[in-house]
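Visitor: Input: one structure, supplied below.
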């Protein structure tokens, strides 16, 4: 049997303890192991995505126990795409961490990085809600470790808020899981889909509360306003490569919402109808507006990017909240875009920090490496603000197009377009102050110029920008693929039957329930 | 040449100037010129097809599902604009080569310029309105870069941002309009859309689409009330002003109106909006332009005015108006670009563009004088120059246009505008070139080299050629007009002539010219009036709006995100409860299926203790030590609760976890003050109490609901109960679930534990590197320290108990599979055994006697668990598949060997390592604080030692 589907979780789960066990004093060895681990992940993820691209659903029964009794991993188009996205992002982030020396400014960067990858991969691949909780814990604790990497008062303070808010989320997750188990007696997603359909119209209250509590958990992860408060300061204060890796973390929330609400708590189902369509879309619109206003309001570049991430999650959530195949397809296209764009901007913000000592949006003398950094910022800002020709614009078109038939079409269009304007204003302001106005500020005498960022740092950022360009050029192919993903999500029967009907140890198809 | 190449050449060519920058200015300009020339020639190769009335197309799918495709088409209109863009582009490149100074980064300049050129060609060749949008915004972006090219000038930066904001806003509106248009028609292809006039104009969404698209056009083409950005864009180098902001980019909006003319025009809304906007812009631009002293500002406002003129012509919705508009685009592009270049020459040579400081240049710069005067006279509409012809046509069209049921309104205003237009042209000639030669120019003006004057001269020769022989341009303009009109109207058969007889247009023209001369004669008093009149300054208003937007955003965002965690949590909790409540109220409640259990005295006693401890905690939480004890009680009662519900495994786990956490918390308390100070106001505490009560009630309600009801189907735990021995080889279901059924969860959780320990370690390390270290070193203990830090009794007791506890741990570990116990609990027990040694004799002494680094123990634990899982692969089974067998080694009784035990060993090691590493980290902080060397002896008082400990400490003190 093939074990590849488990490899994205197991590989980093071996690399990390191995680093802790034998290489914790040798940064060089750690780097080599970490980079090779991520390279291998990319290869594995690519082959998994290729396997899934024809609609195959790969099932992996942990411990040979059949669902719903044991834990299963499921690889379909959506999960393998997210795995691949994570692996690719991780490579460039890792290169930047090495190039900038961030990984050597505290302890256990690479081990935590690998554990973090394990958690993210697990969250994408698991077919079991409790196991999802476990992976949320893994990625939460690892991300906390990464967030406070290298210390500093502000960072530690932000880290405490980050971990506390997410612990609220974890507690809520347990409440949701308890409710779901009490109501249905299972935690496997596919089995859950079958059992939720059994719930009669006269006893819906339990599953309804459970469904929204779960949604709130994911909404916290996805930084949906007003559950986003943990994000701005923690992303801004986190070391740049960590913040860049976190670009995928908000997407874990979005992924989970897509997964759970297309398969289990579908709005088409009587028991779960009218639950979140009432407020999810408005909340997403507020997220977008608030995020882009934050871009305009920010006094520091790193917070500006953090707010842009909130705004872009708003875009994703708007598109998800439409809950149509076109909406999901657009959301997935946008997820890829916003992951790379957000990561690139965090790294660019760090390029600025490392060449002028701070990221305040005030005029200061020209920084070292100004022209190149400015160019990268310009491209990254174009992408994030959704200006042509980059993928942000195409994603925006897709979302607007998908929203045309929505009841709230006017609201969506007005908010999306006007928040774009606000973000253009914000990014233009920031870029003009950072890179142009600097030319009118003379350098004080006798100060040594800061060293330019290392070439490897630029390679990493350039790589992300190149990915954005590729995401634009091959937009047709990518969007075509995300459309087939959406189609697969909206016909969950093959997924469900694969999971539930495959026999395992001591159980025959369809079980004994 | 394929249309793709024509569009792609400038884009790919844009890389070259940047790369060639170090090869010298001539090479950089040369390569740019070559790229443009290649595109220009490529365009010309399509001339025969265009002249034959064919439409050249090229198409590649980009996003077919969306309808955004890379499809290009070349018809008369597209060819006309592409010709202007590439042709004038060539002249501009030649001009800029000589205009830019040695300090300017020429490679950057030409890179931006080519990017713009490509985008602009893309707009006019697009056959897909979404693709057109892409190029449209690209021109805004490249214009932003070009206006801000002189980065050190604040005008440049501000002008760039203003232009980007205004045109960006229009572009966003246009996105909306184009999408609506596409949704109406069902295609985003222009060639399809242009056939659907009736469908579009009948649709209820026509007006929103029209307004949104026109917003895009008006902002781009600087129509009132969005005209204000264009004069500020003049901070750009003059070649940019000549190219983008007079000849090409600002005509993009007009191009689009012409492109969409067949389907959008002709309705009352169109005529109303477009004609009046054009008319106002024309008059306003002309009047303001007259009073500008900066040459480029004057030209900028004249551009605004002429763009208004063209817009007005398109707005009338007649075929003749469209033809006049096309003709004027051509004429305006020639004379205005020439004028800008002349202004650039003057600036370049005289080092000023202020008309008040110029005058008398006629003699000093004769060549420039001829060029500029011819162009200006053409702009003023003097016969035998091309401006006259199209202005006549404009006046003719205005004469027939009625707006707001007032026949004199349009012709009157048009004449008024033309009058001022003539006036500023005369002023330009009169005040710059005529008059006495002055001796206070900032620099000695003289004619420049041919590199600077030849490009405008070429344009002016066109001005004269068309002006003298209009029939040369007629077929071409009619061809262009035909492709503007499409199937919507016939090309008018009027001929381009200098003399039409005594028509109303001629009278209007004469009035305008003479009036212009009169106004110039009265310029000084008029200027005084103008300066005295209050006028809104667009830039001030714009800056105020932007500042207000930023201020508002800051007011909204910053206080909300100021790091007040309790508020974040309060908002979050309330939202969660509210959403849950909403879900509750919209659902249906089933009757309960379970009866209440009778409560005996024991559970009630336990419940009371729990409640009392919790309430006590609420009231006494400021005393940290006391609250720790209360937390201990809560934990204990939870453990008892597990026992009561027949879950001994959980009880044991909970109990050992309690012990370990309390020890770790005690260590942490060591660094905290005894009391938590009151930091928040009573009001805020009331809020927090409210939120907490609401959350608690919600949790209670939810739990209560579920406790009284069964699951909808048999819970999966039934399977676990039935199969734990058969399939997992253990009779302790909890343990089999942990290591087998759901071993993968456990695998994840031990990793969580391990990460937590690594994290604590890393945190300690960074803390000790930072300011915390100094704080610890200077820390004064609040309590008197015990005289006997390592009491003998405790040392003796823990040493003796150690092997016993280890044995218990071992026993618990082994029995786990069948009876309560297992690796997790065993790990905690063993940790407690070791922790006791540390407590008794201090960390330094104990860790010196420990061989294994805790990092390694964690790593090994996780690896062993993982390797056990992988072991199954060699038997063709999935990760973590367990196997077990029963063996009998005489004389022992038969016993079980299970791979699950190996996995449990990994769990055990990870737990031990994690607990010990956390402890070590705390102790490092503690040792930093006491700052003394770690003790070398297990206890302070040891009768067997000769040395008196009292003396030792005195020695240390010295």
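Note that Cβ sites are derived from N, Cα and C of the backbone, with glycine treated the same way.
Straight out of TrEMBL:
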- A:6-25: transmembrane segment (TRANSMEM)
- A:32-50: transmembrane segment (TRANSMEM)
- A:78-97: transmembrane segment (TRANSMEM)
- A:109-126: transmembrane segment (TRANSMEM)
- A:127-419: domain 'NADH:quinone oxidoreductase/Mrp antiporter transmembrane' (DOMAIN)
- A:132-150: transmembrane segment (TRANSMEM)
- A:205-231: transmembrane segment (TRANSMEM)
- A:238-258: transmembrane segment (TRANSMEM)
- A:278-297: transmembrane segment (TRANSMEM)
- A:304-324: transmembrane segment (TRANSMEM)
- A:330-348: transmembrane segment (TRANSMEM)
- A:369-388: transmembrane segment (TRANSMEM)
- A:408-428: transmembrane segment (TRANSMEM)
Visitor: Hey, which bits of the same chain come close to the transmembrane segment (A:6-25), Cβ under 8 Å, at least six residues off its ends?
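Guide: Distant contacts of the transmembrane segment (A:6-25): 33-34, 37, 40-41, 44-45, 48, 60, 62, 73, 83, 87, 107-108, 110-112, 114-115, 117-118, 121-122, 125.
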Visitor: Contact between the transmembrane segment (A:278-297) and the transmembrane segment (A:32-50) is defined here as three or more C-beta pairs under 8 Å separated by at least 6 residues; is that satisfied?
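Guide: When sequence-distant Cβ pairs are counted, the transmembrane segment (A:278-297) does not touch the transmembrane segment (A:32-50), since fewer than 3 lie under 8 Å.
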Visitor: Among A:78-97, A:109-126, A:278-297, A:330-348, A:369-388, point out the range having the most Cβ pairs under 8 angstroms from the transmembrane segment (A:238-258).
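Guide: So the stretch in question is A:330-348.
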Visitor: What else in the chain is close to the transmembrane segment (A:109-126), if you only count residues 6 or more beyond its ends and a Cβ gap under 8 Å?
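Guide: Counting only partners 6 or more residues beyond its ends, the transmembrane segment (A:109-126) has Cβ contacts under 8 Å with 5-6, 8-9, 12-13, 15-17, 19-20, 24, 30-31, 33-34, 37-38, 41, 71-75, 79, 82-83, 86-87, 90, 94, 97, 102-103, 132, 134-140, 142-143, 145-146, 149, 245, 248-249, 252, 255-256.
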Visitor: Tally Cβ pairs under 8 Å between the transmembrane segment (A:78-97) and each listed stretch (A:132-150, A:330-348, A:369-388), then give the stretch with the top tally.
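Guide: If we count Cβ pairs closer than 8 Å to the transmembrane segment (A:78-97), A:330-348 scores highest.
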